[in-house]
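Enquirer: Dropping the structure in here first, questions after.
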Amino acid sequence: MKMLLFWLEFVGIFIAIFISAELLAKGADELEDFLGQGITGGIILGFLTALPETIFVIIASLEGSFDIALGSAIGGNVLLFTLGIGLVGVLYALKWKTPLQISSEYSVENIFLMLTTIAMLLVLIYGKLDIISGLLLILIYVIYVVYRVVKFRGEGGRRKEGNLAKPIIFIMAGGVLLVVFSHYFVEYISEIATMLNVPAIWLSLIIAPIAGELEEKISAFRLVQMSKDGGSLSILSFVGSKIENATILLGIIGLFTDYELQSALPEYISALAANIIALYVLFDKRLKIIESTILIGVYVVIVIFSFYL
């Protein structure tokens with residue numbers, strides 16, 4: 001009876017995650033007509049999909065679990081910037097029979113992803129996260145948001161007249177479901193893996209990251225299916241959320257403690273490398289199927305290589 005209840009709860013949580021992803025995708029697809037891809041994907045969708053990790057990092061930092069906080073802050077970068085982008089590119093090509101063309105609005109995200117990557121490199125040379133490096137990282141994200149809003153207003157504001165209530169309700173409902181259920185979903189996946197005697201390294205490298213980023217990937221895949229612009233919106237969402245992870249979330253850790261990066265070099269360098277890969281692949285604003293396939297292959301190689309470290 002106890003086991004039956006466990007599986008029923010897991011199925012219920014999975015359904016809630018799927019509904020959350022569907023609501024966010026539907027809301028973002030409609031909101032894009034009003035606010036454009038930069039605000040909708042880079043800021044709103046990026047912020048919401050990073051919100052569960054943000055809350056988790058704050059809680060872990062308050063509890064003094066800074067290694068866990070750092071893993072949560074940047075652990076998804078490798079997954080999303082290789083497997084995530086790769087799958088979006090492949091699915092887009094299969095659905096629309098053409099390479100994914102990223103919106104010209106991505107130029108802003110490209111600049112701030114580059115600034116974030118440079119900042120991460122400087123912090124690595126500095127050797128630690130503290131109040132100085134933390135505030136500088138947070139400042140990058142603040143400038144990113146302010147620049148996006150100022151640019152949007154300078155272009156005349158709203159792109160389309162109409163009722164914003166419907167897409168906003170979709171996005172808010174999806175965001176609430178995401179915040180409430182995402183952490184439980186990761187916990188249940190971890191417990192199932194333990195029950196099935198899945199090796200710990202599989203859990204840390206494959207299962208937990210995929211579970212943690214599942215909603216973001218489902219939203220992206222649904223956006224790809226909804227419209228030809230959905231692929232570009234997905235990419236802006238991915239990049240926006242990871243800019244936040246590498247600035248706000250790392251910055252939060254620095255505000256709470258002096259964290260020596262020596263103890264987390266593999267994770268930190270992997271996240272830095274993932275940023276560089278994303279910058280290179282997305283620079284021309286065109287994601288070909290061969291590039292997407294290579295990105296998926298890179299993730300597989302990273303996982304296999306990690307088993308032998």
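Just so it is clear, glycine is given a Cβ too, placed from its N, Cα and C backbone atoms.
Where the annotation comes from TrEMBL, it is an automatic prediction and has not been curated.
Okay, so TrEMBL annotates it like this:
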| type | residues | note |
| --- | --- | --- |
| DOMAIN | 7-149 | domain 'Sodium/calcium exchanger membrane region' |
| DOMAIN | 168-307 | domain 'Sodium/calcium exchanger membrane region' |
| TRANSMEM | 6-25 | transmembrane segment |
| TRANSMEM | 37-62 | transmembrane segment |
| TRANSMEM | 68-94 | transmembrane segment |
| TRANSMEM | 106-125 | transmembrane segment |
| TRANSMEM | 131-147 | transmembrane segment |
| TRANSMEM | 168-186 | transmembrane segment |
| TRANSMEM | 192-212 | transmembrane segment |
| TRANSMEM | 233-256 | transmembrane segment |
| TRANSMEM | 268-283 | transmembrane segment |
| TRANSMEM | 290-308 | transmembrane segment |
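Locate each feature and note its surroundings.
Expert: The DSSP breakdown of the domain 'Sodium/calcium exchanger membrane region' (7-149) into helical (H, G, I), extended (E, B) and coil residues amounts to 127 helix, 4 strand, 12 coil.
Packing against the transmembrane segment (6-25) from elsewhere in the chain are residues 45, 48-49, 170-171, 173-175, 177-178, 180-182, 184-185, 188, 192, 214-216, 218-220, 222-223, 226, 230: each is 6 or more residues past its ends and has a CB under 8 Å from a CB in it.
Residues 24, 28, 31, 68-69, 72-73, 76, 103, 105-106, 108-109, 145, 148-149, 151-152, 171, 174-175, 178-179, 182-183, 212, 215-216, 219, 229, 232-245, 248-249, 252-253, 256-257 of the same chain lie 6+ residues outside the transmembrane segment (37-62) yet bring a C-beta within less than 8 angstroms of a C-beta in it.
Listed by sequence, the residues of this chain that lie at least six past the ends of the transmembrane segment (68-94) yet keep a Cβ under 8 A from its Cβ atoms are 53, 56-57, 60-61, 100, 129, 208-210, 212-213, 216-217, 220-221, 224-225, 231, 234-235, 238, 241-242, 245-246, 249-250, 252-253, 259, 264, 267-268, 270-271, 273-275, 277-278, 281-282, 287-289, 291-296, 298-299, 302.
Packing against the transmembrane segment (106-125) from elsewhere in the chain are residues 37-38, 42, 133, 136-137, 140, 143-144, 147-148, 151, 232, 235-236, 239-240, 242-243, 246-247, 250, 261, 268-269, 271-272, 275-276, 278-279, 282-283, 285: each is 6 or more residues past its ends and has a CB under 8 Å from a CB in it.
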Enquirer: Relative to the transmembrane segment (233-256), which of 131-147, 168-186, 268-283, 290-308 accounts for the most Cβ pairs at distances under 8 Å?
Expert: 131-147
Enquirer: Just give the helix, strand and coil counts over the domain 'Sodium/calcium exchanger membrane region' (168-307), going by DSSP.
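Expert: The composition, in the requested order, is 122 helix, 4 strand, 14 coil.
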